[in-house]
Each structure stands twice: as C-alpha cells, then as structure tokens.
Ligand code: FAD
Ligand code: NAI
C-alpha cells in the first residue's frame with residue numbers, strides 16, 4: 001500500500017459514513033473512520049431517527065391509554081406519565097445501537113480515529129493533531145439544524161430537535177416553527193404527552209415535497225388530533241422573558257402581526273450540510289449555493305480520490321439514502337459498480353397515522369405526461385378498520401400508456417412498513433396490474449395497496 005496509512009478514510013460515522021466504512025473493510029480495504037462525537041452513528045442514531053422513534057413509540061402507547069383508545073377494546077387503565085422512565089428508554093435505545101456500531105467497527109477492523117477531521121491536502125487529513133494519508137477519502141459529514149435568523153437556540157426554551165427530544169417536563173404550550181418532518185414528529189410526541197402544540201408553517205400546506213392530496217389529508221388529520229396549524233404564516237421574532245417565550249408571527253404574504261405565548265419553541269425549518277472546519281479548499285473542493293458538495297454519478301467529487309455521500313450532498317436528507325450511498329461508494333472505490341436509484345427513495349413521516357411516499361407525486365407525474373390514479377381508503381381495509389385505524393388512504397399513480405407505476409403515496413397507521421413493497425415494485429419496473437394481480441395476505445393493511453392498484457383500472461373490490 002506504499003506510503004498511504006489507509007486505502008479509505010471516511011469522515012463522519014453517521015449512517016452514510018459508518019456503512020461506507022464497514023462495506024469498504026468487508027471488501028478488503030484498509031479503512032478508518034473519523035468521528036468527533038463521543039459515540040458512533042451520527043445524527044440518526046444519536047439525536048435523530050432512533051431517539052425520535054423511541055419517543056414516538058412510547059408516547060403513542062401513552063396516548064392510546066390516556067385518550068380511551070385502549071378502553072374501547074376493553075382494556076381499562078389508570079394512566080400516569082413517568083417522563084424520566086420514558087426518557088430513560090430513549091437513552092437506552094441510543095446507547096444500545098451506537099454501541100452496536102462500535103462492535104461492528106471492531107468486528108470488521110475499521111479503525112475509529114477520534115476527533116475532528118480537516119483536510120491538509122488532497123489525500124491527507126488531520127485528526128487530533130495527527131496526520132493521516134489515504135488513497136481515498138469519503139466525506140460523510142452529514143448536516144445540522146438550520147438556524148432562523150434572529151432566533152437564538154438555547155436548547156432549553158428555544159430548542160432544536162435535539163433539545164426537543166430531551167425536555168424534562170411536558171411543555172404547556174410548544175410552538176413549532178416549520179411544519180415539516182421534524183416539526184410534525186416531535187410536535188406529535190409532546191401533543192400526545194399533554195402539551196398544546198401550535199405549528200407555524202411559512203407555506204400554505206405542511207410537508208413540502210410530498211404529494212398534494214397527502215399534504216391536505218395530513219393537515220386535516222393533525223387538526224383533528226388537536227394540533228393548531230398556522231399555515232401561510234411566518235415567525236418574525238422570538239423573545240424570552242423568564243421561563244417563557246413570546247413568538248411574533250405574521251401572514252407570510254404580509255399583514256398584521258400577532259404574538260403567541262409559549263414555554264417551549266422548536267425551530268425545525270430544515271437542516272444544512274456540515275462542511276465548516278473541513279478545510280475543503282485544501283482538498284480543491286468548493287460547495288454549491290446550498291452548501292452541499294456536488295458529486296458525479298459514482299459519488300466522486302471534483303478532486304480524484306475524494307468522494308462524498310449522505311446529507312452533505314444533494315438529495316433527500318434521509319438515513320436510508322445515506323446508507324445506500326455508503327454501500328455504493330465503497331463498492332465504487334473497490335472497483336465494483338455501486339449504484340443508487342435516486343428515483344426510488346421512500347420517505348416516511350412517523351406520526352400516527354404514518355405518512356409515506358415513493359417516486360413521483362401526482363403533480364410531478366402530471367407534468368411529465370398523462371397518468372392514471374387509483375385510490376383506496378384505509379376505512380375500507382378490513383384490518384385497519386378492525387384495528388381502529390381507519391384514517392388515510394393509498395394512492396397509486398401509473399403512466400396512462402404503459403401502466404408503469406410512477407409513484408405510491410400512503411397515509412395509514414403502518415404506511416412506513418407498507419411503502420417498502422411499493423419501492424420494491426417500482427425498482428422492478430412494475431405496472432399497476434403487476435401489483436393488482438399479486439396475492440396479498442389477508443387481513444393486512446397491505447391489501448390496500450393491491451386495491452389502490454386495482455383502482456387504477458377502476459376495479460377495486462371493497463369500495
Ligand atoms: P450524519 O448522520 O449527520 O453523520 C455525520 C457525522 O459526521 C456526525 O456524527 C458528525 O459528528 C460527524 N462529523 C461531521 N463533521 C466531522 C468532521 N469534520 N470530523 C469528524 N466528524 C465529523 N432520516 C430517516 O431516514 N428516518 C428518520 O426517521 C429520521 N429521523 C430524523 C429525526 C431527527 C430529529 C433528525 C434531526 C434527523 C432525522 N433523519 C431521519 C435524518 C437522518 O438523521 C440523516 O439523514 C442522516 O443521519 C444522514 O446521515 P449522514 O451519514 O449523511 O450524516
Ligand atoms: P423540513 O424541510 O422537512 O421542513 C421544514 C419546514 O419549515 C418546511 O415546511 C418549510 O416550509 C418551513 N419553514 C422554513 N422556514 C420557515 C420559517 N421561517 N417559518 C416557518 N416555517 C418555515 O425540515 P425539518 O423538519 O427541519 O427536517 C430536516 C430534515 O431532516 C428533513 O428534510 C428530513 O429529510 C430529515 N428528517 C427525516 C425524518 C424522517 O425521515 N422521518 C424525520 C426528521 C427529519
């Protein structure tokens with residue numbers, strides 16, 4: 001290996017970086033991974049996907065017990081919230097999984113270089129005062145919260161998602177700035193645990209990027225659950241007075257301002273790529289207008305030998321997208337063919353019901369040509385109805401001429417699980433007829449996908 005310390009150094013041990021490092025090592029490459037956090041796993045395992053799902057899961061049980069859902073099924077309970085224990089199980093989930101990555105690093109002989117990594121040249125980086133040279137360097141530094149100008153995050157009263165996972169008491173009134181994925185997931189957690197939640201969203205609908213009809217249905221359901229939605233509204237300032245905050249809002253199009261009093265404010269207006277302190281210029285790299293590192297088809301950057309994946313590059317900021325890119329980049333470095341089909345990346349919002357989509361929205365599909373759409377309500381799905389989960393629907397969008405499935409969008413209690421089937425069908429180039437003639441087990445929520453596919457040609461059975 002001549003004078004290189006490693007074949008591959010990956011900077012960042014999130015789902016993109018740790019997966020790239022493990023796959024590179026599996027392929028026989030001498031690999032190290034630089035991570036400045038105390039634990040491996042990045043945003044996702046430490047302060048993102050995993051802890052948020054731990055709180056969503058636990059708060060859903062609490063809600064079902066507290067709001068009489070369990071009683072409807074003959075389960076009588078006296079409900080009391082023990083937030084310390086709920087937070088404890090969140091921490092345990094994080095500890096278990098981050099420790100698991102450390103074990104996998106040892107098992108696969110990936111060396112963890114602890115500290116902040118910065119380029120000192122095109123093939124050298126500095127970590128904690130030591131210099132390392134590698135044939136290939138993968139940038140997988142992820143993203144962090146986008147600040148709102150003029151609003152200071154203290155992680156106590158005005159919090160990012162990290163602070164909103166760690167509240168030690170249930171806020172009385174939580175104002176959420178941004179009706180995207182984080183705002184709705186964490187807003188749901190604290191709403192279920194007893195907070196009043198007001199979501200202030202700049203646009204006229206929640207969840208930008210998702211299918212229009214799904215966005216409307218989502219807003220209807222969140223309102224039904226008691227969330228206050230202030231759409232088409234912008235926050236112009238937040239002032240702290242003692243233990244409380246005053247949030248000033250006004251119509252996005254301009255108009256009279258009003259104030260909201262809150263004891264907690266969550267800033268969730270998006271995330272931005274992490275490139276500060278990397279000294280990209282020493283590697284001959286720059287960032288685009290959105291702060292991302294531009295890449296080619298193989299995840300290669302403008303500098304040969306330097307690659308980039310995950311939240312730091314263009315595309316959806318999702319853990320599974322980062323993971324798949326991690327595998328692909330390692331395979332490309334090893335001389336194999338690593339590919340990610342960016343047209344088929346599912347997205348899931350883990351609220352109740354869950355909201356999931358893959359492929360084109362109806363709006364995008366119609367821009368490209370004629371489409372046929374089949375829809376099926378969860379109300380008419382026997383399993384969802386039996387489980388007292390009637391909200392939502394499945395929508396299958398197919399090309400009008402070829403019948404090829406272009407997109408699938410679902411609101412349903414288990415939409416996140418159901419969407420995997422749609423992604424697989426699309427990956428295999430399925431038509432709506434292929435799905436409609438596939439035997440689905442009964443009684444399952446997934447039958448709603450089959451019936452929505454049948455509805456594309458106008459022939460579902462149960463509606
Ligand atoms: P990251 O996970 O951000 O990891 C990058 C790592 O690099 C970090 O650990 C950082 O410390 C380290 N690092 C950065 N710079 C340096 C440096 N110079 N030297 C050393 N180390 C460095 N996505 C989903 O798909 N599903 C979900 O349910 C989901 N839930 C989320 C919930 C929340 C609250 C948040 C905030 C995000 C969520 N996401 C979810 C998004 C997901 O976490 C990210 O898309 C994913 O973590 C991106 O992976 P990554 O490897 O690109 O970067
Ligand atoms: P987001 O992009 O999903 O939503 C941000 C929202 O804030 C948008 O609706 C936007 O219109 C709004 N907004 C922007 N500026 C505003 C302002 N000044 N006032 C009011 N509203 C404003 O970003 P979010 O929720 O912060 O999440 C960041 C990323 O993390 C997401 O893009 C997602 O990829 C990832 N994530 C994924 C999850 C999942 O897969 N389940 C869960 C949580 C996060």
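Every residue gets a Cβ built from N, Cα and C, even glycine.
A quick note: this is a predicted structure, and the numbers were derived from the prediction, not measured.
Cβ environment of residue 442 (active site, proton acceptor): 382 lie under 8 Å away, each six or more residues apart in the same chain. The active site, proton acceptor feature in TrEMBL is assigned to 442.
Under the three-state DSSP scheme, residue 53 (FAD binding site) falls in the helix class. Summarising the annotation, TrEMBL assigns FAD binding site to 53, 117, 141, 142, 143, 311, 317, 318, 319, 320.
Around the Cβ of residue 201 (NAD(+) binding site), the same chain contributes 178, 179, 183, 229, 230, 231, 232, 233, each under 8 angstroms and 6 or more positions distant in sequence. DSSP assigns residue 201 (NAD(+) binding site) to coil in the three-state reduction, outside any helix or strand. TrEMBL lists 178, 179, 180, 181, 182, 183, 184, 185, 201, 270 with the feature NAD(+) binding site.
Following the DSSP three-state reduction, the secondary structure of residue 44 (disulfide bond) is helix. Sequence annotations record features per position, and here TrEMBL assigns disulfide bond to 44-49.
TrEMBL lists 6-326 with the feature domain 'FAD/NAD(P)-binding'.
Under the heading domain 'Pyridine nucleotide-disulphide oxidoreductase dimerisation', TrEMBL lists 345-453.
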- Task: Select the closest residue to residue 180 (NAD(+) binding site) from the following recorded positions, measuring between CA atoms: 44, 49, 143, 317.
- Result: 317
- Under 6 Å from ligand 1 by Cβ, which recorded positions from 44, 141, 178, 182, 442? 44, 141, 182
- Query: Counting only other Cβ atoms and using a 10 Å cut-off, which of the binding-site residues 184, 317 scores lowest?
  - Reply: 317
- Task: Measure between the Cα atoms of every pair in 178, 179, 180, 181, 182, 183, 184, 185, 201, 270, the residues the record assigns to NAD(+), and report the largest value in Å, rounded to a whole number.
- Result: 14
- Nearest of the binding-site residues (53, 141, 319) to residue 44 (disulfide bond) - Cα to Cα: 319
